[in-house]
Amino acid sequence: MKVVHTIQDLRDHLRGQNRIAFVPTMGNLHEGHLALMKLARQHGDPVVTSIFVNRLQFGPNEDFDRYPRTLQNDIEKMDRDRDVYMVFAPDEREMYPEPQNYRVLPPDDLGDVLEGEFRPGFFQGVCTVVLKLLSCVQPRVAVFGKKDYQQLMIVRAMCRQFQLPVEIIAHETVRASDGLALSSRNRYLSVEERAEAPRLYALLGELRQRVLDGERDVAALEAEAAARLAAHGWRVDYVSLRRQHDLKTPGAADFETRQPLVALAAATLGATRLIDNLEI
């Protein structure tokens, strides 16, 4: 497995390749990331992954400086699984050699709701770095996890609207045996918080079942789920039922025509903010 740190080296090694499968990450890899790489290998060759902690997507009170940098450990994990041909691990100067004044701004109705409401500028930072990485790597396919559902939808829409020659492939959320979605931030949970954390997924499962059983009062369903989380010590940002294809709130016609829906939630347990979702 090759490790490169500059865009020039990346392009030199990949010259002539037209079936590249790409998995962008911020490092601190876990089994969920490795599953994305395994799926990428089924859809292209060679598999390239990036490790870059992108400052643009962190807010002023978020954990950019605290975010774990574990490059050597990450390399060892990927080398063990042998799914990845090349790791692109640039530093900040390589990705942003000058102030990034040109940025990608998602539409308000997609980028300023849910995560975008509570993390202003987050998706602008995500889209900007993803566009830059796609320009550097030039993949045929790129794999993203459904755990970051809104991010997946926004990146997919960006690639479609810019007519980028890349297919965005989604991987199902990888979970621990008790249902907790794997996340680099899970390491911040205390023993007691880790025992409580699966409640988020369990509540989404109950919400899903109630919709399948015919309940249609979206606001009441959301409020009840949020209240139940709060009763167990969570600080809830949102529990929201949305249409899958555009993340808008479903109306009566959507239920009648059985439009695919998704339940999404974000809440903080102790000092750790967790997100999850479940398709319906």
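Just so it is clear, glycine is given a Cβ too, placed from its N, Cα and C backbone atoms.
The shown structure was predicted, so the numbers you read here are calculated from the model rather than taken from an experiment.
Under the heading ATP binding site, Swiss-Prot lists 26-33, 145-148, VAL174, 182-185. Around LYS146 (ATP binding site), the same-chain residues six or more apart in sequence whose CB sits under 8 Å from its CB are LEU152, ALA170, HIS171, GLU172, THR173, ASN277, GLU279, listed in sequence order.
HIS33 (active site, proton donor) falls within a helix when secondary structure is assigned with DSSP. Long-range C-beta contacts of HIS33 (active site, proton donor), restricted to its own chain and to partners at least six residues apart, with a cutoff below 8 Å, comprise VAL23, THR25. Taken from Swiss-Prot, the feature active site, proton donor covers HIS33.
DSSP gives GLN57 (beta-alanine binding site) a helix state. Sequence-distant contacts of GLN57 (beta-alanine binding site), defined as residues of its own chain at least six apart whose C-beta falls under 8 angstroms from its C-beta, comprise GLY121, PHE122, PHE123, GLN124, GLY125, VAL126, VAL129. Here Swiss-Prot flags GLN57 as beta-alanine binding site, drawing on sequence analysis.
Sequence-distant neighbours of GLN151 ((R)-pantoate binding site) (same chain, six or more apart, CB under 8 Å from its CB) are GLU115, PHE123, VAL126, PHE144, listed in sequence order. The feature (R)-pantoate binding site is assigned by Swiss-Prot to GLN57, GLN151, with sequence analysis given as support.
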MET26, GLY32 as binding-site residues, winner by CB count within 10 A: GLY32
